[in-house]
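Peer 1: According to Swiss-Prot:
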SITE      7  site 'Transition state stabilizer'
BINDING   40, 41, 62, 154  substrate binding site
SITE      212  site 'Transition state stabilizer'
């Protein structure tokens, strides 16, 4: 099957351009099989603040205590995921909400105890994806469960998207709140591993963009076709990425 993994960042969900859902529907009509992964950071932040729960970050990852995990799962599974699924279904696009627990879509391996209940997805169940995408567009929340402890784990949505894309040998579109990787205040149309290494050394790629582009290269090395970072609030962003019409940053080896 010809898969395309589309990751929609939490900060992008409220500003997603109205044409994006239609673009995704068009992929299905072109015998392509989109898979949507979403985050929900701003919604989680708001819920934690409302409930008076401190939220700490370590190495760009949310330190996830039991209390933080409970709220995170409520927001991602109970609010963000069904809202996105409903938005698509309202446009007559057959979609189905999932997380790692459903149909044993994937297992979780804990990252490091300093992050609390933060894990990495493993054992992606491609048979489930193959079956579902024949009729539906999966919309996957970045929550999973440890096989042995049965405890829920928070997963970075980028990490989940990369893992699924490399498992399926698919391209990945990262729809973000930025137009791409900025170098000298301009979007860099194409980057490869050597470019990325040099720009990091020159501190032109910095902060949270460093792990994003490094993880992109790693995903490509393990099977992902390519990674494109683009702004989710751009009109027809998905179609423009697919047809190579000059949007965002394309990362290749």
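Even glycines carry a Cβ here, placed using N, Cα and C.
Would you situate these features in the structure and describe their surroundings?
Peer 2: Contacts of residue 7 (site 'Transition state stabilizer') defined by a Cβ separation under 8 A and a same-chain sequence distance of 6+ are given as 36, 37, 38, 39, 157, 158, 160, 161, 172, 173, 174, 175, in order along the sequence.
Secondary structure at residue 154 (substrate binding site), taken from DSSP and collapsed to helix, strand or coil, is strand.
In the three-state DSSP classification, residue 212 (site 'Transition state stabilizer') falls within a helix.
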Peer 1: Grab the substrate binding residues from the record (40, 41, 62, 154) and give me their largest CA-CA distance in Å.
Peer 2: 12
Peer 1: Given the recorded substrate site (40, 41, 62, 154), which additional residues of the same chain have their Cβ within 8 Å of the Cβ centre, ordered by sequence?
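Peer 2: Other same-chain residues with Cβ inside the cutoff are 10, 39, 44, 72, 76, 142, 156, 157.
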Peer 1: Looking at Cβ-Cβ distances, which residues of the chain lie under 8 angstroms from residue 62 (substrate binding site) while being 6 or more apart from it?
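Peer 2: In sequence order, the residues whose Cβ lies under 8 Å from that of residue 62 (substrate binding site) (at least 6 apart) are 41, 44, 55, 56, 68, 72, 115, 118, 154.
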Peer 1: Give me the Cα-Cα distance between residue 212 (site 'Transition state stabilizer') and residue 40 (substrate binding site), rounded to a whole Å.
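Peer 2: About 17 Å separate the Cα atoms of these two residues.
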Peer 1: What are the non-local neighbours of residue 40 (substrate binding site), defined as same-chain residues 6+ apart in sequence with CB under 8 A from its CB?
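Peer 2: 10, 13, 72, 75, 76, 79, 80, 141, 157 - these are the non-local Cβ neighbours of residue 40 (substrate binding site), listed in sequence order.
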Peer 1: Would you identify the secondary structure of residue 7 (site 'Transition state stabilizer') according to DSSP, in three states?
Peer 2: strand
